[in-house]
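The structure appears below as structure tokens.
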């Protein structure tokens, strides 16, 4: 399941590389950044020796596969954007569960484990957008992103506390997170803005 | 004192989120990045197990509080910018002392401890500006920033070496760093540019 | 050799700071980020206590030297760009060998050690470009960058496996990596793009 998450995130990285006109090596690098970045960040924080991605070289295969697939089949600009968002949502759904489980196994308290699950889930995507000089998806006021990941991580942490976490409930949580993310994008659910600015750079005169 | 620093930095993150038109979840995420980022970086480097921010969930409260305050009270664009700089200076002043103390307690030599204090103090702000796609304040040729933080970290390290570091001297250093930062902005103190370019992209012909 | 690599990378950082109109403190900060960032990242991942850059303060000297040199001698915009690329290539050539050696000494398997050598070699440059808000060199479809670093890291890892790694072969690999990078820039070698877009933002209609 962890490898599937790495693959989905790597696809989102390679698609962004294709959209931005990077070459195949840049595609591989960006795919690896996204796929492995969130997990490396998680493993650095829980401080349990060398991160998984370096301990077992099998983690390097999904980015290679993603680069080859995107190079062979990626076609038009418009589909890039939709496919990127979908793969990103799938990676996020798997990582918020896997990250929380690993954090719990490392002995973190349930709240910190859920936060670390959130970081695993959104960290790779933030790294992708930062190194490619895009505004991170995490901050777009468009659909639910961090909320969906935090819900998934919190449910995983809670299910583990009461002993209900197994392959079936884990998969159910992943499907829920993925569905929530995609539905919120499709129906354009919105959450309140951080301040009272109507739009960027334009001060709002009337108090609310 | 550490929590106050986290809160000040989180305020600067939430204000930037408001200025950029992020939603409240983005505001919480950015506030948490800034407030906790510098400390997590410091704790990763001194390699003393799980970072404080994860060991005690109380560190998650300041970003929540900052998001709520900014959402309720942040009003006009102009005040955002001033308030952001002021909160950032306050966070920096507290973190350069706290970071140096923690690094000394971890057994680093005084020079490395001061450098790590500097990293704690400016790391969160750099993360904030990088993920929000702004040019980092750290590099603006406008007022003293890194110099003030390095001075505070160096004084803390020196005071600790001679056994003079206590709550009173720590607070005095924090006030000094904060005052230095704000005065340098107000009076537009300038330090020499890195090269001989008069402005960006324009080569200077006459040697100096 | 490690210090020489830090110095070359710090020069690239200070030159970018000069080109972007940062002041000398920004130049020192950016130089230190580039020179020490890749190594700190490597040391965090292999998880062997406090990173070298903090254990021995001598690592702080190359960024200071680079800032002084750039401030005294950096002259015209055009030369900045060429000098930046050259210093960056020299730093990369030295770091892909040093990083791989340190990773092997920490007990990583040969594949992971080569990947970590690659990260040491390109990490500092990515940090430089990300914090200065530039598109990372790593992703430019222009010359060989990651390929050259990975070749160097792979050769180092292989040479070490068969016991041939010494000062002479290490230097030979560094020269090869540096030459490959510079030649690929000079002769504009290109590798295939990640997708079928002819240029950024323009969908390609005819399949290839």
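Every residue, even glycine, has its Cβ placed from backbone N, Cα and C.
According to TrEMBL:
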DOMAIN    A:1-73  domain 'Glycine transporter'
DOMAIN    A:86-158  domain 'Glycine transporter'
TRANSMEM  A:54-74  transmembrane segment
TRANSMEM  A:111-131  transmembrane segment
TRANSMEM  A:143-165  transmembrane segment
TRANSMEM  A:171-189  transmembrane segment
Q) Taking residues 6+ outside the transmembrane segment (A:171-189), which of them lie with a CB under 8 Å of any CB in it? A) 85-86, 89-90, 92-94, 96-97, 142-145, 148-149, 151-152, 155-156, 159
Q: Could you put numbers on the helix, strand and coil content of the domain 'Glycine transporter' (A:86-158), residue by residue per DSSP?
A: 58 helix, 0 strand, 15 coil
Q. What same-chain residues lie close to the transmembrane segment (A:54-74): Cβ under 8 Å, and 6 or more beyond its ends?
A. 3, 6-7, 10-11, 13-15, 17-18, 24, 27-28, 31-32, 35-36, 39, 80, 83
Q | Residues in the domain 'Glycine transporter' (A:1-73) grouped by DSSP into helix, strand and remaining coil | A | 62 helix, 1 strand, 10 coil
**Q.** Per-residue pLDDT averaged over the domain 'Glycine transporter' (A:1-73), given as an integer
**A.** 88
